[in-house]
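Trainee: There's a structure below that I have some questions on.
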Amino acid sequence: MPYRIAASPCRRQFQQLNSTTLKPETEQTTRCKLLPSAMTWNKPPAGVTVTVAGDANDADHARLRELGYKQELKRHLSVLSNFSISFSIISVLTGVTTLYNTGLAFGGPATMTLGWFVAGAFTMAVGLSMAEICSAFPTSGGLYYWSARLSGHRWAPFASWITGWFNIVGQWAGIASIDFSLAQLIQVIILLSTGGNNGGGYMASKYVVIAIHAGILLSQAIMNSLSITWLAFIGQFAAAWNMLVPVAATERASAKFVFSHFNTDNSAGIHSNLYIFVLGLLMSQYTLTGYDSSAHLTEETKKADWNGPIGIISAIGISLIVGWGYILGITFAVKDVPYLLSTDNNAGGYAIAEVFYLAFKSRYGNGVGGIICLGIVAVAIYFCGMSSVTSNSRMTYAFSRDGAMPFSSVWHKVNKQEVPINAVWLSAFISLCMALPSLGSLVAFQAMASVSTTALCIAYALPTFFRITLARKCFVPGPFNLGRYGVLVGWIAVLWVATITVLFSLPVAYPVTKNTLNYTPVAVGGLFTLVLTSWIISARHWFNGPVRNLGA
């Protein structure tokens, strides 16, 4: 049956372009007349018979059918398990440890301790907006599905396409970055364990580092091949592990130093305090990503329309508290910023490793305790990477289920344990490939890794942008919603992402050369060009957005 498309954007809510997959509703209960796929909250589409018993899983299955999908994954996760996986992906031990050098160099203690809450407050706005949309559309597709449902008939396929690819590539780059940083930390642990940089310690070559990286990914793929029941237990253990904040120092910096010392002594040739502060925020913003995993796991979460959103905002909120504690614990042990950043120290310039090493050496006469603390951090980073593979595999499963990826029929298959096994191994393989440029140049790898933060933030903002513009009067909220503040919070989130996208694309050193160029705009611009070109040349002819599979 053909559909009549009204002129107003709020009357052009997303519908599937394949007319054989959707049937019209007989009535509407919202203020504006929505098209067939823009289903009201409690009402299944015509032609879909749903039986809802007292079991919460039945209600979840029914809601998923309303959204156009049958239940294929095992729905086992509680709100704690959903939160745990997101929390372990945010992993403050991972983000802060990886980019602590950046925070020290650009602004130092003041930027890290106070800037953490600047980035955190705006990140919470982004998370709240995402949580509200997640409650309305609890599917593994998450962001790209939301964009399709909120952007209107005309833009739905393109909005879904660009959001999905920014999300999935950002996740791949994130896994590559996380596990490569773990390989580098293991390199430093080996260095300190064998005598340190100044004591003839062993510095692993770049080939050894990439081999370690490959081994990490291999083990994470094997772990992710287990049933979601096991992954839920591992996720809860990982969350508890990430709350460990190991620090021990005999000499501590003053509170004045920790909260007010602003380091302008950098080798980047940047002297503007505001510019330095903005660059220092990268540590916080890089850390506070990955909470979209709660959305990607909603098809495996009980009471998904409530527990998925709670997983998002609780992961952000608790990460802010634990992260600040970790930053304070480390920064109170900082005495000499230039020395910590110097490549001549025992850790070869790895600031946090040197802090741990010196803290225990000053108290106990050796740095063994510091090396053990680094081991605790390394385990946290490992869990972060493992949970990231979990999240990305579910995104890959959903995106391929809707036919958006090459060989889609392969990647959305699930095994007997109801795990998207092929998607798991694809995630690990692509993340390994993304780290290979490090063999030629770390600058090339950093360009690849820089896609992660910016691409993910853009993907987070796109569905929110559509929700507060095209779907402003048509959005039907789920159980978790922001009420009349939804639009305001949404605009704050979108403007913050737009701001940091520009700021993090600015040069990070002067004069600008091929070795100091900030490759973020190049990498993100390249990604956008590839996605747009593929759309114009090919995808616009066959990709219609999310596809219902109830009859599959």
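Heads up, the Cβ atoms here are built off N, Cα and C, so glycines get one too.
In case it's useful when we look at the structure, here is the feature table from TrEMBL:
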TRANSMEM  79-102  transmembrane segment
TRANSMEM  114-147  transmembrane segment
TRANSMEM  168-192  transmembrane segment
TRANSMEM  204-223  transmembrane segment
TRANSMEM  230-249  transmembrane segment
TRANSMEM  269-289  transmembrane segment
TRANSMEM  310-334  transmembrane segment
TRANSMEM  364-385  transmembrane segment
TRANSMEM  419-437  transmembrane segment
TRANSMEM  443-466  transmembrane segment
TRANSMEM  487-510  transmembrane segment
TRANSMEM  522-543  transmembrane segment
Trainee: Could you tell me what the rest of the chain brings near the transmembrane segment (168-192), counting residues at least six beyond its ends with Cβ under 8 Å?
Mentor: 94, 97-98, 201-204, 208-210, 212-213, 216-217, 220, 289-290, 346-348, 350, 353, 357, 367, 370-371, 374-375, 377-378, 381-382, 384-385, 388-389, 391-392, 395-396, 399, 427-428, 430-432, 434-435, 438, 445, 448-456, 458-459, 527
Trainee: Residue list, the transmembrane segment (364-385) vs rest of chain: Cβ under 8 Å, 6 or more residues beyond ends.
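Mentor: Tertiary neighbours of the transmembrane segment (364-385) are 88-91, 93-94, 97-98, 175, 178-179, 181-182, 185-186, 188-189, 192-193, 196, 216-217, 220, 234, 237-238, 241-242, 244, 246-248, 290, 346, 352-353, 355-358.
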Trainee: Can the transmembrane segment (310-334) be said to touch the transmembrane segment (114-147) if we require at least 3 CB pairs below 8 Å and skip pairs under 6 apart in sequence?
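Mentor: They do touch: at least three Cβ pairs between the two stretches lie under 8 Å.
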Trainee: Can we call the transmembrane segment (487-510) and the transmembrane segment (79-102) in contact, meaning three or more C-beta pairs below 8 angstroms at a sequence separation of 6+?
Mentor: no
Trainee: Given a Cβ distance threshold of under 8 angstroms, which distant residues of the chain, six or more beyond its ends, lie next to the transmembrane segment (204-223)?
Mentor: 175, 179-180, 182-184, 186-187, 190-191, 231, 234, 382, 385-386, 389, 424-425, 427-428, 431-432, 435-436, 438-439
